[in-house]
Structure formats: C-alpha cells, structure tokens
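What Swiss-Prot records for 2-55 is domain 'ClpX-type ZB'. Annotation source Swiss-Prot lists Zn(2+) binding site at C14, C17, C36, C39, citing sequence analysis. Annotation comment: Swiss-Prot describes P118, S119, G120, S121, G122, K123, T124, L125 as ATP binding site, evidence class sequence analysis.
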Amino acid sequence: MSSNTGGSDRELRCSFCAKGQDEVKRLIAGPGVYICDECVALCNEIVAHEDAGEREEMDRLLTPAEIKARLDEYVIGQHQAKKILSVAVHNHYKRVFYAEALGGEVELEKSNILLIGPSGSGKTLLAKTLARVLKVPFAIADATTLTEAGYVGEDVENILVQLLQNADYDIEAAAKGIIYIDEIDKISRKGDGPSITRDVSGEGVQQALLKIIEGTEANIPPKGGRKHPQQEFIRMDTSNILFILGGAFIGLDKIVDQRSGGGSMGFGAKVSNRKDRPLGELLDQVHPNDLVKFGLIPEFIGRIPVVTHVDELGEEDLIRILTEPKNALVRQYQKLFELDKVTLRFTANALKSIASQAIERKTGARGLRNVMENVMLDIMYSLPTLEGVKECIINRAVVEKGREPVLIYDTEAKTGS
C-alpha cells in the first residue's frame, strides 16, 4: 500500500504503533491519521476487558457486611435494621443469581421485608439506598392510593408499570428490581373478623398484592391501566422482585405489650407501666399474630418472612444526619456556597436548634430539609448580591430568631444586626 503525492513515494505508517504499511496486514485511513489492524484488535480487546470488568462488578453478589457498609455511608444509625436488611437482601439476590445452579433440589422462598417505624425514621431512604448499592431499578408506591381493580384509585399492577418505566422498559432488569410500598399499615382491614361489605382499599388491596409479592406472571399495561384500555399488555415475572413494605403501625406496640403480659388485667395481675418498656424493645417482639390483630391478613403476612423495625431518631441522630452522610444537607449547602467562593459554617448550637425544630414538628429526618430551607432562604437570596464575602457563619440566633448570619469579608468582619 503506497501513496504517490507530488510524484514522490511516502511510506504510510500507523499513527498509534508507528509500524509501516508493509509490516501489517491492513492500514485504515482517517482524516490525517492511519490505524493498523493490530491496533484495532488491541483496542477491541481493551474495551471488551473493561466492559467485562464493569459487568463483573455489577453482577458480583455483595456480602451482607459490604451491603451494610454501603448503607452506613448514607443512613445514620439503625444498625440492627441495616444488618437484618443486608442479610435478607444478600439471600434474596443469591437466590436470583444461583437459581439455575440450585435446580429443583431446594426451593428458596423470597425474602420480602416489612419495615416498621415512625415517619421520618429512614425507611424509604434505606430502600432507596439498597437499590442504589445493588444497581437495580427501584420504584416507590403509596399503599393508600391503591384499590382493587375496577374501583376508583390505582391498580396494584401500576406499581409494576412504574418499575418498568424506571428500568427504561428493560423487562429483564425490572424483573430483578426493588419495590418499596409505603404506608402499608393503612391498608389493614377494618375489624378483626371478615368483612360483610367490600373493603376495596384495605383487605381488598392486600388480596390484590398477594400474587405479585409472592411471585407471578403479571400482565401489565406499559402506559398505565385505565387511560389506555386498547394497549397491548407486557408479561412480567415478579418472582425475583424484592418487595420492601414500610409503615408506622401506630398502636402495634400496645398489641405486643398486651400479648406479652404488659396489659394484664384482673385480681392478682401484675401492674405494668407501658412507659417502662421502650418502643424498640416491644417492636423487637412482634409476632405474626400481632400483625393479624392489627389488621393484616394471614396470607399477606405469610409472604413477608423478614420483619424488622427502625428506631425513632433522637436529636443526636438528626445532627449526625445533617453532617455525616455523603449527601448530608450541610454538605450540600456548603457545596452551593463554595460555587460562589464562600465558606459556609454552622455552629454546634445552630445544628442542635435545627434538629430540635425537626423533632418538635414530629417529622424526623424528613423535616430537616424544611427547617434548613426556612433558615437559608433569606441568606441565599441576598448572598449573590454581596461582594467580598469569604465566610458565612450560621449560629443559634439565625435558626431560632431569624437574625442575620455572621459574614466575614476579605478585609473586615461584619456582623449582621
């Protein structure tokens, strides 16, 4: 392969390895460059190796300790719940990954999980973080919006539609995803006995959820159920979808306390003060019968073998949530200020006041953002118009009384009035 330019012969060479055209089988020309067949093969090998490495990292089954360590990066406290979740999730995906190797010798059941705990204690965050760590599609549903098919409200199949959409319509990926259903305690049946009227948003929803939670071939409408009745349905196997169900279950502790003797009545009965027994201790002792008495049907409870609880967050927990996780609120605001070349600092008392306000609102960790937004609104509104500010200090007076922050300039310190 030679090229004549202006009557002179010039040997062409690979722009990458510098081998001449006579040393290789083929030389491919580009705009001002050449690449030989050997370099093309080497590039393909490098790309294939990197892709295989990425797939291996993605497909490798994390150990329970590795899963918990990843959860620790984003979720403060709740160590027992994280340990139980890590083991359950590890066993679930072990069942998924090694299904063929197991054959028909032993049938491993799904490790669906029930998370009990007050609002703002981190139930949703735990489920979200698990999906992020495992790199699987994730969907959240609110149980209070669900009804039986044919009634006003969301069909349970719409949960699967959302998961499929979040998986970019990759049915294989969606079939190994995680679905978190919040407020599951709100679909408890009304009364202890079977209802003579149709309970379409309570026991009826539990019945509708049974099959997809256990594992079934579900027909789902890719565009949602009721607005597009003529669409073709997609079949999705839910056998390998991990379901995490969460709820506050207010009053469940009293049921446990009564069963375990704390609510004894009658002559000679030992009088026990409910306040003497911590909430966490009672929730550690939850039995399936307690959940039945609360209002979940036995068949539904049978599909959720793993039950754990998250503790109510105290002031110290909330302060740690503000500052320690990778996506901590304080870090987020500091990064925003850093883009304006300003250092943002919170005093210890300011953080304590923010946590205290969230506790007063009874919103837990979820309320921290709302408190922070209220505190930072005026500061973030005026800061871009101020020149020469190099540091902004948020103290207790800013949080509790709405005072201006301490602003430190390049040449002088100025304290807001």
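A Cβ is built for glycine as well, from the same backbone N, Cα and C atoms used for every other residue.
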Legend entry - Under 8 Å by Cβ from G122 (ATP binding site), counting only residues of that chain that are 6 or more apart: V75, I76, G77, Q78, V310, L313, G364, A365
Inset, instruction - Select one residue from C14, C17, C36, C39, L125: among these binding-site residues, choose the one with the most other Cβ atoms within 10 Å of its Cβ. - result: C36
Inset, instruction - Consider the binding-site residues S119, S121, L125 and say which one has the Cα lying nearest the Cα of C36 (Zn(2+) binding site). - result: L125
Legend entry - Separation of alpha carbons, C39 (Zn(2+) binding site) and G120 (ATP binding site) (Å): 56
Inset, instruction - Just jot down the residues in the same chain as K123 (ATP binding site), at least 6 apart in sequence, with C-beta under 8 A of its C-beta; none if empty. - result: L115, G117, Y180, D182, G246, V310
Inset, instruction - Compare the C-alpha of C17 (Zn(2+) binding site) with the C-alpha of each of the binding-site residues P118, S121, T124, L125, and give the closest one. - result: L125
Inset, instruction - Mind checking which of P118, G120 has the fewest other CB atoms within 10 A of its CB? They're the binding-site residues. - result: P118
Legend entry - Integer Å distance between the CA atoms belonging to P118 (ATP binding site) and C14 (Zn(2+) binding site): 66
Legend entry - Distance from C39 (Zn(2+) binding site) back to S121 (ATP binding site), taken between C-alpha atoms, in Å: 55
Legend entry - Residues flanking the Zn(2+) site, with Cβ no more than 8 Å from the Cβ centroid of C14, C17, C36, C39 and excluding those residues themselves: S15, F16, A18, K19, V24, L27, Y34, I35, D37, E38, V40
Inset, instruction - Would you mind listing, in sequence order, the residues at least six apart from S119 (ATP binding site) in the same chain with a Cβ closer than 8 Å to its Cβ? - result: A248, K362, T363, G364, R366
